[in-house]
Structures are given as structure tokens and as C-alpha cells.
Amino acid sequence: MPMINLLLLIMSILIAMAFLMLTERKILGHTQLRKGPNIVGPYGLLQPFADALKLFTKEPLKPSTSTITLYIISPALALTIALLLWTPLPMPIPLINLNLGLLFILAASSLTVYSILWSGWASNSNYALIGALRAVAQTISYEITLALILLSVLLMSGSFNLSALITTQEHSWLLLPSWPLALMWFISTLAETNRAPFDLTEGESELVSGFNTEYAAGPFALFFMAEYTNIILMNALTTMIFLGTTFNIHSPELYTTLFTIKTLLLTSLFLWIRSTYPRFRYDQLMHLLWKNFLPLTLALLMWHISVPIATSGIPPQT
């Protein structure tokens, strides 16, 4: 039974990811006053499957000077980690109920850095290596902010278990008392997933295509699949942490439906931001984190630690 659940989860994620790619192309098309994909199937709905068929049936070319083992392992590792991160998410019942679910997600997501660094180094290309170094510096930097924001939220929920966040938000969303944290979290997830306006790793005018420059066919598709799976995951996590849905034991379907709708709306916002904002300069990207987000999150973390200590002597006001 657990194997069937796992396969169903993976299939659902992969289908959602395929249609997210199509939705992005449609949204970008409409914002640029054109139609987007509309040839394959009705309204272009079969475009993702046509793309997958094309990419996975092409010959995967490998640069003659590349380190073959790492070159092949990197894209597979990226997608494996992206799918692994879904296992502790309660929707409403998690596949694996971990007491340290949030810590697991934070730790496992940081492993994505290895797949990016390996792919850039193993390609033996200057463009790919510079793109990989940029991506690693950016990802590691913004993970600091994500960790501090998570700590602040955990001080309110009192547990690393993701299911505890559902109980914490039974009466009101954590978005309301901690909206500055939510705003910084959302911007940090944009940077963490290398999305516009933080897609410095793919600076076409400077780096051709970033760390995946030398990839083609199947391995190239795996990187894209990992990126879009991570986007959906980050928005699902944002929904769970700041826009918690009340779980009614008599209608678990309602929880799943509301959770999915909120995640889809946040994902649409990701795509809207991509079609609207230009790319940051690299120094602006780093200054935003180290000079703005880090001091702010540290101050808010100290606030969330000090308020419960300062008010611990006050009796319950019932």
C-alpha cells in the first residue's frame, strides 16, 4: 500500500509540473500579447507531453571533456531530491510522518546545491561553471533567511512537525501576525528556486544558459522538471506555514481542495512576477539578503523569542 501511495504522489506531482510549464508559457504569451502554445491538442493542452516525448527520445549528447559519472548523476539527483521533499507534507495525511518534518525539508533542499555544482563542474565549460557558482552562492545565501524565518514560525507553533502548523492556524493564519516574515519568505523562495527576478544563473546575455548549458535531451529535461517541482513544493510549504487550512476530520477532501487552490494561486503569482519584473544585478541580489533581509529576520527572531519570555509570568486571560 505505501508503494501505491508513493507512485500516486509522484505521478500527481509530475502531471502538475508538466501543466505548470504549459501554464507559464500561456501566461507569458498573454502578457506579451500573443497566444502561446496552441498547436498540439485542443488549446495546446498536449504540449508538455509532446515536449517530453521529443526530449526523452533524442540522443543525450555528452561533451567529450566532461566527467561522465557526475554529468549524468547531477540531473537525476536534482529531480530525486525535488520529489523526496514532498514525503513529509501533510495533505492532509503525510506519506511519512516525521517529527522533524520542517528540518528534514530544510536539510534535504540544501542538497540541491550539490547537483547544481556537480553539473557545472562536470560539464567542463566556463559558462556552466560560472552559472553553477552563482546558483550555489545565491541558494546558500537565501537558505539562511529561510531557516531564520522558519525558526520564528516554529516558536509560534512549538513543533517541527508540519501537522502542528495545521493545529496552530485553526483560528487565524500565521500570515496575519507575521506578515513581514511571510513577505521575506516569499521573496526568498523566489531566489531559492532561481526564478525571475533572481534568475541570475541563467543570464542569457552573459552565460548562455547557466549551469545546464552543456546538457541536452533527457538530462536537460530532468533539470527543468526539478526546477518546476521545487516551485510547486515551495508554494505548498508557504501555504502550509502562513496560510494554514483547517482540517475537518469528517471531510479531509475539503482540506486537500483548499490547500491545492492556495498553492495554485501562489504559483500563478510566481509566473506573474516572471512576466513582469526585469532581472536583478548580482550585487543587488546579495545586498538585498545580507544588508536587508538578514538584519530584519534576526531582529524578528529575537522579538519572537523575547515576547513569550517577557509575558510568561502573566496568568491566562480567559
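Quick reminder: no glycine exception, Cβ is built from N, Cα and C everywhere.
The model shown is predicted, which means the values in this text are computed figures rather than measured ones.
According to Swiss-Prot, the features are:
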type     : residues : note
TRANSMEM : 2-22     : transmembrane segment
TRANSMEM : 76-96    : transmembrane segment
TRANSMEM : 100-120  : transmembrane segment
TRANSMEM : 146-166  : transmembrane segment
TRANSMEM : 171-191  : transmembrane segment
TRANSMEM : 222-242  : transmembrane segment
TRANSMEM : 253-273  : transmembrane segment
TRANSMEM : 294-314  : transmembrane segment
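The stretches the transmembrane segment (253-273) and the transmembrane segment (146-166) do not meet in space: the count of Cβ pairs below 8 angstroms, excluding pairs fewer than 6 apart in sequence, stays at fewer than three. Of the two recorded stretches, the transmembrane segment (146-166) lies close to the transmembrane segment (294-314), with three or more CB pairs under 8 Å once pairs fewer than 6 apart in sequence are set aside. Two recorded stretches are said to be in contact when at least 3 C-beta pairs lie under 8 angstroms, sequence spacing 6 or more; the transmembrane segment (2-22) and the transmembrane segment (100-120) fall short of this definition.
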